Amino acid sequence: MLDPVAYWTKLRGLSMRSSPVASGGSDFPTETSEVIDKNDAKKEQVDANCKSYTPGNGMHPMNKGYQNHENSGFSEAVSNDIGNGSVTSDNRNSGWNSKSSTGSTRNWESEQGEAARALERIRAMISSNQSKRPTGRVLSIIRNSPRRGAVIGFLALKPWLPGEEEKSNGQLSKKNKESVFSAGLDYIQLVPTDSKFPKMIVSVKRLPDCAKERLKNGDIIETELVAAQIDEWNEENICPKAQVVHILGRGGEIEPHISAILFEHAISVANFTPESLACLPNVPWKVPVGEYKTRKDLRNICTFTIDPSSSNDLDDALSVEKVSDKIFRIGVHIADVSCFVLPDTALDAEAQVRSTSVYILQHKLPMLPPRLSEVCSLLPGVDRLAFSIIWDINDSGNIIQCWIGRSVICSCCKLSYDYVQDIIDEGFEIDQFGLSRKLHPELCGQFEFKDVIQSVRSLHEISKKQREIRFKQGALGLQNPKLVFLFDENGTPYDSFLDERKQSCSLVEEFMLLANKSVAEVISRAFPDCALLRRHPEPNLRKLQEFEAFCSKHGFELDASSSGKLHLSLSKIREKLKDDPVLFDILLSYALKPMQSATYFCSGDLIGRENEWAHYALSVPLYTHFTSPLRRYPDIIVHRTLSAVVEAEEVYVKQRQTLVTVNNGQISGDGIVGRCFSGLYFDNDVAESEQVREILLSAALKYKVPGSEVLAEVAAYCNERKQASKHAEEAGEKLYLWTLLKRREVLLSEARVLGLGPRFMTVYINNFALERRIYYDEVEGLAVEWLETSGTLVLDIPKSKPFQRRVIPGKLRVIEDVALVLNTSGLVIPEEENEDNTTLPSTSNLLPAVPAAETDATVPLCFPLVLRLLSTIPVALHAVGGEKGPVDIAARLYMCSYFK
């Protein structure tokens, strides 16, 4: 259904701002989970029993190169240089000058002017035709979509082109598949799993050799999942011509579908190239002696990591020291990956192309070679290189001092989130900690468990204060429970549950957010034209208004004028719904829909529009990603930029100190010599001085900080890869839920009605945080009455004729498509005891005659069924597709009737 004219906000609004990067729609960025998403149960399950995806692992032999993405030539440039041992750099690499930014600003202003005039013309047309929505006509295809090269589907051994039906008498015998060749057919059908694609034709002669061989042998191939690409689709062709490039495996099995997900989202499963691996240091590796002289030595501080118990990539650590009764010194230490991934190397080029690690349940595709993780990870008991941020924070939560620089640390132990949560929940006594039943982590170095426990407690208290301050300053938290799967020894899911976020995750989260915010401030001060930052636009206005209307309709007050007020409103609603947590989860899911995706951007692209740099959800003017360089390429870019800033500061300080010595200790009007970028206070006059700008330029060239033009391409490409990774992870989660349902056959659950209408309803399944539609129009034997004025739906089975399965072909569906209907006489009535210990039948807990383990005591309803918005109903979930179609999860009503 088309949106009404009143909702065309882009045409009617006064604002005509344009984003440098297209947003992803309704995806809440959850930066609070992005900095900590390794804590999710999903990644923990990946690390627990993951498979490193390479062709040598028995996975499908996809091409060992990379699928280029059409994105300003960036991917093509880096892809072509993989394997050459270096990447050609040009004068754009450090071109962070004002001239280029001025020119780009003028071009943007010109484009904006033309866009504004076009919008004015469209608005004029709308004003004169209020009842009509504007339409358009496709004039030409500017460039092909990357989706053309990522088609997943099943082959259908049916003739396609006119005339071929005569060759095969209209069909192919199931017992004689070789008739594809004997009949002389040139083309067969390809049916994509994505309904957005039309059916395609495939040349039989161009099928992979293994497919042709199987056809000749009479093997069944229609159930094989295939990967294809569109070769040709001209105006005169009814359907596109495609070429099958891979036979992925039998549909309905996990691994072929995982391979399909990776192919569809252009995620590389290739081995790291020999040239990339040649860039890695030898293992075992030790910190060079020279590094101890140039870095801050923090090995004597109690430092530890907090990660999922099975995690191998330990790229962040925490420390805390008590400076005085009211001041604590907090340290965030991030693995110095940029020290090993150098610019213009094959390893850097490959990391650019991969852009991010991808975590699909039970599978991990790393951005960097696993051997590098052994060298960079902050393992306990070994010296490691780090980038450290140290704050002095008082008892009010205010930062009174800050230091940023390169360091050497030695972690004393690796803590898991569960272990830290036990410390928070159980309040271990330090003196008796050794008597606890808990399995302790291995402790290295000079520190004792009492030091670690006291540090965790201090960090927990400080993080709570920081979180309180953050939300008082307007931050927004929207986090639904996460679906977690339980796997058997074969890696097959056998159960699932919703996992609430732990306080131990929030502990780490707060300090990672603070580190990212601090680094964003530093690099944007030093390089205002070429800092890689992360922004989160304001929500979609139309969808936000719909959410406000939904809340108002159900008696909830919502103020969505800012992120802070929205958070406050949701907090009040949560308290109001403390007895109905499912309804609050539904409201949270609605609140997520207006949110747009957070994106990386080059600061030079938005010069003069600094208000657009802000992060809506975090309510901060500047933000970036710094804390996960082992799994995100943007973090490596930020590390290089920060390295240039820190070195420039050190050079500046030395020069000023030398000048002071020459002047016999007399300091001229500059005052005390200090850090002009990374300190707590920013001296703009010093930062803009010619001396500092020259020092910064020299440092930028040394660390090869990308110029604004290159950085804009990197940001756009990383955004595209991050979205692809996110969609792949979501598809993987859906696949494993589908596998669980297929194994269980039918799974019963309660659901809430989110939407009603004459044709279908939308339901929210509580146990899986899942939305599904149930269509009930054109169903034989089902009477539907939709009362629009009262928003009431009535479903019933007519009593005038017996319940039957007869269906009119092509016209009506059978009622089993809509509901799992049991005969009332077949229900089991459980018995319960009353106060006198006599047995009474319970009419409120009717259980169906299906395996008890599958029911979870879900009670079927009886016809007639009367529903309104937010009604609670039982549903039956089951897996559909897989063997000859896309995997999907279907929901049906769970009902009983005497007429069954």
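Cβ atoms are placed via backbone N, Cα and C, with glycine included.
These numbers come from a predicted model, not from an experiment.
Taken from TrEMBL as is:
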REGION    53-114  region 'Disordered'
COMPBIAS  65-107  compositional bias 'Polar residues'
DOMAIN    295-648  domain 'RNB'
BINDING   Asp307, Asp316  Mg(2+) binding site
SITE      Asp315  site 'Important for catalytic activity'
Asp315 (site 'Important for catalytic activity'): tally of other CB atoms within 10 A of its CB:
25
Can you give me the same-chain residues 6 or more apart in sequence from Asp316 (Mg(2+) binding site) with a CB-CB distance under 8 Å?
Thr305, Val332, His333, Ile334, Ala335, Leu378, Val508, Met512, Thr627, Ser628
Other CB atoms within 10 A, centred on Asp307 (Mg(2+) binding site):
25
Alpha-carbon distance [Asp315 (site 'Important for catalytic activity'); Asp307 (Mg(2+) binding site)] in Å:
9
